[in-house]
Amino acid sequence: MKNLPDGVQDFLPEELRFKHSIENILRKTFESSGYEEIMPPTFEYMENFSNTSGIFFDENNLYRFFDKKGDLLALRPDVTTQVARIASTKYNEYPLKFCYIANVYRYDNPQVGRMREYTQAGIELIGKNHEYSDAECISVAVEALKNIGIKDFKVDIGQAEFFKSLLDDLGLARNEEQVLKELLEQKNQSEIEYFLKNNNITGHNYELIVNLPLFFGDIEIIKKAKDVYKFEKANRTLNYLERVYDILKDFGMDKYITFDLGMVQSIDYYTGLIFRIFVKDLGYAICAGGRYDNLLKNYGKDLPATGFAISVERAMLAVQNQSEKFTKKPKSVAVLCNDSSRKEAYHIALKLRNEGNIAELVIKGNEDYLKKKRFDEIIKVGVQDG
């Protein structure tokens, strides 16, 4: 028998219990902020993950297959595109506030805390184009992480439109833009300089791009950037970031906020504010999101939208590093009985369960099972020792 293929994993009882605990708190946080849970299908037509100008996701990273009718289908690579389809085709009144917890599938190189199948928990706010909407999304993400016990983290905020406005003047082919994105993502200064020179990008445009990775820090970075990037579109997007920051400051969340104007997203549908959340001692984001005002056009509605997704498996790693909240397993109790005492024993077990314990009804004669399970406590009802 073969082992599992690369990129998937089994969750055994203790780990799955931990995962469900995280998911339940995230769900409660989302719903208490007015977001209603939905569950899209695991696979759809391949074309639902594409647009007229190309694919939102690299086709090589999708799990694609043909059904018996010959239709090309794909396992969902994320849930946001599905929410956009649902909001566009099944609703006519807006705004809409949705949340979800669902597995997604990407044929990427497996990473720590992110396999080829992993769980996203997120929210989407459809139909509002205002800085309050973006601030709300960030605030819900912050509260969600705090509620599961993560304390030490930073919210890095960028602007997709800001970066795209710089690209417009470079005249790069799509594949060249992707290379530049990857270099900026890595903050590889020497390679960025080499790339720009190799593509004959010089003068003012060279300076604007090569300095992008340097614009990282607190709110003062935005003020400095406004002195450098003085064209109208850049100024508009930077002003927007300042307004979002002011709202988050009023919410008491400014201590979590940093800005990164060199931030780019690998998914092409983002149009405005984007953000990622990084946890101390973990070298990768556990949450990412942003504004995607053009995505719903592909499904028939021209509506603004914003949202985020938390990687549940990465959140689990962060919680294990920072919190003792989930380390204590509920007490396990065996209620040992016989046929004549099973009624009383059942109600005792039920009471224990309602108090938050794990309680199992065990009929006398199954002592080997008691030894195997190693219960914290054994309660005997109508059963004599021996």
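Just so you know, the numbers here start at 1 and follow the chain as drawn.
From the backbone N, Cα and C atoms, a Cβ is placed for every residue, glycine too.
In the three-state DSSP scheme, Arg106 (L-histidine binding site) is classed as coil. Of all Cβ atoms in the protein chains displayed, 20 besides its own lie within 10 Å of the Cβ of Arg106 (L-histidine binding site). What TrEMBL lists as L-histidine binding site is Asp78, Val79, Thr80, Arg106, Gln120, Glu124, Tyr269, Tyr270.
Summarising the annotation, TrEMBL assigns domain 'Aminoacyl-transfer RNA synthetases class-II family profile' to 1-330.
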**OP:** Go through Asp78, Glu124, the listed binding-site residues, and name the one with the sparsest Cβ surroundings, counting other Cβ atoms within 10 Å.
**Re:** Asp78
Original post:
Among all the protein chains here, how many other CB atoms are within 10 A of the CB of Thr80 (L-histidine binding site)?
Top reply: 27
**OP:** Select one residue from Tyr269, Tyr270: among these binding-site residues, choose the one with the most other Cβ atoms within 10 Å of its Cβ.
**Re:** Tyr270
